[in-house]
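Asker: There's a structure below that I have some questions on.
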Amino acid sequence: MWWDERVSARFRRNLQPTLTYWSVFFSFGLCIAFLGPTLLDLRCQTQSSLSQITWVFFSQQFCLLLGSCLGGVFKRTLSQSLFALFASSLAISLVFAIIPLCHNVVVLAVVMAVAGLAMGCIDTISNMQLVKIYQKDSAIFLQALHFFVGFGALLSPLIADPFLSDTNCILSNSTANASSNLPHIRKSLVPHHPGNLSHYDLPMKGMVVTRVSYAFWIMALINLPVPIAVFFLLYKERMVPCVNSSSHPLLSADELAMETRPVEKDDLTTAQRPRAAGGHDDLFSCCQSKNFRGASYTYFAVHITGALVLFMTDGIVGEYSGFVYSYAVEEPLSVVHKVAGYLPSLFWGFITLGRLISIPVSYRMKPATMVFINVVGVLITFLLLLIFSYSVVFLFVGTASLGLFLSSTFPSMLAYTEDILQYRGCATTVLVTGAGIGEMVLQLLVGSIIHDQGSYSFLVCGMIFGGLAFTFYALLLFFHRMYPKPSAELDEASPDKPAVMDDTGQYQR
């Protein structure tokens, strides 16, 4: 095997929880990518305007960010984490089943807000639980976790595509022009920026003939095994009500046999000492003054610069996937609509491929090195896209390259930052929140700039964001060098030891 026996044995011991967290992240990916291609059919279903239906995007994205911030509330014990994941994954299946019944745009926005909250909780909790289980070995498992996001994001549009309307799904006397441009309108829809589509006359009244309901019911069935898998993990850990309440932690004592030295009882006693820096809490708990006592300025600097790197890189993912089609179909490239429609799929396809490639690579390469390659690659790709801005061929090459370089940035940055902080800070919560804010804010910002300055500003913005990501990463490296090294006593209480168990036998920080 391309990893050593210690990591392999650790994976075997934690096989069920690891596969469960990966499957839950598949739910996340399934839910995050279906809205774009189905939005016009949902507009017909709710008989709303383009500007009204794009608010459904916002309700999902805003509540995803809110769920990411609040996700730490459910991470204090293993039972809370698993029950939150069970409720969130089940909520996603229910949302898929309920969407076809939403015939009012406000009701649809509320349902999508619930989906966003569930996705935010999944994002924070799954990342955090894998870090808790594998800690210094977590990079490879985080890469696999984020591969399942890409896999779900690729699958949901493929499921939806056969059921999308080829012509306007509201029959009226004024549908001819809009129907012929329907594929173009569908690919140009991004959050709060329907672009220059207002001149298309899309009727709001008439007979609704969409078949998109079948796509959502299929996705509900595909996602149903995920909450079942979480329930089985709850059952295995004896956390299901009306079952024997005694439980054992996911990080069992047997796992310690695979560490570099034997575990003595004194180690466990030392590991259970109270720590000055709090564990992984929600964003609001992280901001409490009690967590700041005795912390150096580099402690805050590592959190902030790490979050800013992901603010930029995840923001690039959001704005590039949202606007590359609009950029391609306008001058100077003027790519035909059908060909330009392959660009977002190419981008997400290479993100998924890059995450798959990063699984073995992350075992041989340090997370810090991977992030450096990623941010430099993004910067160089945008520079070449600007130089060859009149080349359609290079736009496709650059889109694939950008997907590869952005693919492993988040899991590598998360593993690197948690390692700097010796797994005692709030890195996961802060980084997930920073990435979510970046994806939402930069998409809105770039949409406004493109509307005012033209399509060329799309690449200029990407170049600026890439440069800022590189700058913030350089600052993170600087603060890493300044960050105090762990003392010998801290090493004894380091997170390489098992997570502390509370009186109920559940691990917590």
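Cβ atoms here come from the backbone N, Cα and C positions, even for glycine.
What TrEMBL lists as region 'Disordered' is 488-509. If you look up TrEMBL, you'll see 21-40, 52-74, 81-99, 105-126, 138-159, 214-235, 297-317, 339-357, 369-388, 394-416, 428-450, 456-479 marked as transmembrane segment.
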Asker: Mind checking which residues reach the transmembrane segment (105-126)? Cβ under 8 Å, same chain, six or more beyond either end.
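Answerer: Hits for the transmembrane segment (105-126): 21, 24-25, 27-28, 31-32, 35, 42, 45-46, 48, 52-53, 55-56, 59-72, 74-75, 81, 84-85, 87-89, 91-92, 95, 98-99, 145, 428-429, 432, 436.
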Asker: If we call contact 3 or more Cβ pairs under 8 Å (sequence gap 6 or more), are the transmembrane segment (214-235) and the transmembrane segment (81-99) touching?
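Answerer: Between the transmembrane segment (214-235) and the transmembrane segment (81-99), contact is present.
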Asker: Cβ under 8 Å to the transmembrane segment (297-317), counting only same-chain residues 6 or more beyond its ends: which ones?
Answerer: 277, 351, 371, 374-375, 378, 402, 406, 409-410, 413, 416-417, 420-421, 425-427, 430-431, 433-439, 441-443, 462, 465-466, 468-469, 472-473, 475-476, 479-480, 482-484
Asker: So, does the transmembrane segment (52-74) come close enough to the transmembrane segment (339-357) to give 3+ Cβ pairs below 8 Å, pairs being at least 6 apart in sequence?
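Answerer: The answer is no, given that the two segments have fewer than 3 Cβ pairs within the 8 Å cut-off.
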Asker: Excluding the flanking five residues on each side, which residues at least 6 beyond the ends of the transmembrane segment (456-479) place their CB within less than 8 Å of a CB in that stretch?
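Answerer: 298, 301-302, 305-306, 308-309, 312-313, 315-316, 319-320, 323-324, 326-327, 368, 371-372, 375-376, 378-379, 381-383, 385-386, 389, 417, 442, 445-446, 449-450.
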Asker: Considering only the recorded stretches 52-74, 81-99, 138-159, 369-388, 428-450, state which has the highest number of Cβ pairs under 8 Å to the transmembrane segment (21-40).
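Answerer: By the under-8 Å Cβ criterion, the transmembrane segment (21-40) pairs most with 138-159.
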Asker: Using a Cβ distance cut-off of under 8 Å, indicate which of 52-74, 81-99, 394-416, 428-450 has the most pairs with the transmembrane segment (138-159).
Answerer: 394-416
Asker: Among the recorded stretches 81-99, 394-416, 428-450, which has the greatest number of Cβ pairs closer than 8 Å to the transmembrane segment (52-74)?
Answerer: 428-450
